[in-house]
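Enquirer: This is the structure I have questions about; it appears just below.
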Amino acid sequence: MFGIYLKTALLKLTWIFCLVWHLIGEPLLNDVCTCMPIHPQQAFCDSDFVIRVKVKKKLNETRWNQLLIERQSKSFGQTRPKYEVQIQTIWKGEPLIIKAAQNDRDTKVINIRIDSVIYTSLDKCSLNLSTGKKYILSGNVINNKLYVTKCHWHLEWNFESKRIRRRLRRAEFHCRCLIEPCFTNTSCNSQQNRYTCHWPIKFDPRDCQFRTCQYEAGGCRWSSYIEMDVCKNVRGVHRLKYPSHF
């Protein structure tokens, strides 16, 4: 008899938990875009494309033609943000982008310039781009359309970002290696396999991203760049002044 009461009580608690989660927990999560930190090199390797674009204007696409998807989505009948862009440089994914251009009426190839459309999500992870500005964007190709979100690696194109052009041209050669974020001294100093580089993360703008994890002499190791040493030194000074930040 006690077992029956216990099962009934547990069942009620389960229903209460599900109700509270539906009313409070799920909406809270839906209002937040949470992305794991990713090193630019790893983002390059994980993405279908990496391009430099100039944003021409923002558009909206009515999603009524995606009924099968929308029936399971709370965003039924809403519009998906998209941007009309000019693709100026392709570092990765040229065959996929050309294929998208051939299948998407919104994409046109004019000489070496590609006028295309970049789609983003409807939720809090929607990526906001400013008209007239240039960006480095990484993303995925789905149904011959180019998709980006806040969780994809993206960077506004300016004088500083031009320094990474040379590394982007060579990045695909290092995709044999894996870059894993680490968050504590213990995990960062732990033994890693020969194909992995640990990347210390402090959730801070000063997280150093300048080095390349490259395969040489039978294993993957960090290359040396002056910018990386400067970044680490700056972070060290900041840690001394503001120890609570790390």
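Backbone N, Cα and C atoms are what each Cβ position is placed from, and that goes for glycine too.
According to TrEMBL, the protein carries these features:
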- C33: Zn(2+) binding site (BINDING)
- C33-C125: disulfide bond (DISULFID)
- C35-C151: disulfide bond (DISULFID)
- C45-C175: disulfide bond (DISULFID)
- C182-C188: disulfide bond (DISULFID)
- 33-177: domain 'NTR' (DOMAIN)
- 1-25: signal peptide (SIGNAL)
Enquirer: Tell me, what is the mean pLDDT of the domain 'NTR' (33-177)?
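Expert: The predicted confidence over the domain 'NTR' (33-177), as a mean pLDDT, is 78.
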Enquirer: Kindly assign C182 (disulfide bond) to one of the three DSSP-derived states: helix, strand or coil.
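Expert: It is in a strand.
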Enquirer: Looking only at C33, C35, C125, C151, C182, the recorded positions on record, which one has the least crowded Cβ, with the fewest other Cβ atoms within 10 Å?
Expert: C35
Enquirer: Going by C-alpha distance, which of the disulfide-bonded residues C35, C175, C188 is nearest to C125 (disulfide bond)?
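Expert: The answer is C35.
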Enquirer: To the nearest whole angstrom, state the Cα distance for the pair C35 (disulfide bond) and C182 (disulfide bond).
Expert: 15
Enquirer: On a simple 10 Å Cβ count over all chains shown, which one of the disulfide-bonded residues C45, C175, C188 is most densely packed?
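Expert: Comparing the disulfide-bonded residues C45, C175, C188, the most crowded Cβ belongs to C45.
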Enquirer: Round to a whole number and give the Cα-to-Cα distance in Å for the pair C175 (disulfide bond) and C182 (disulfide bond).
Expert: 19
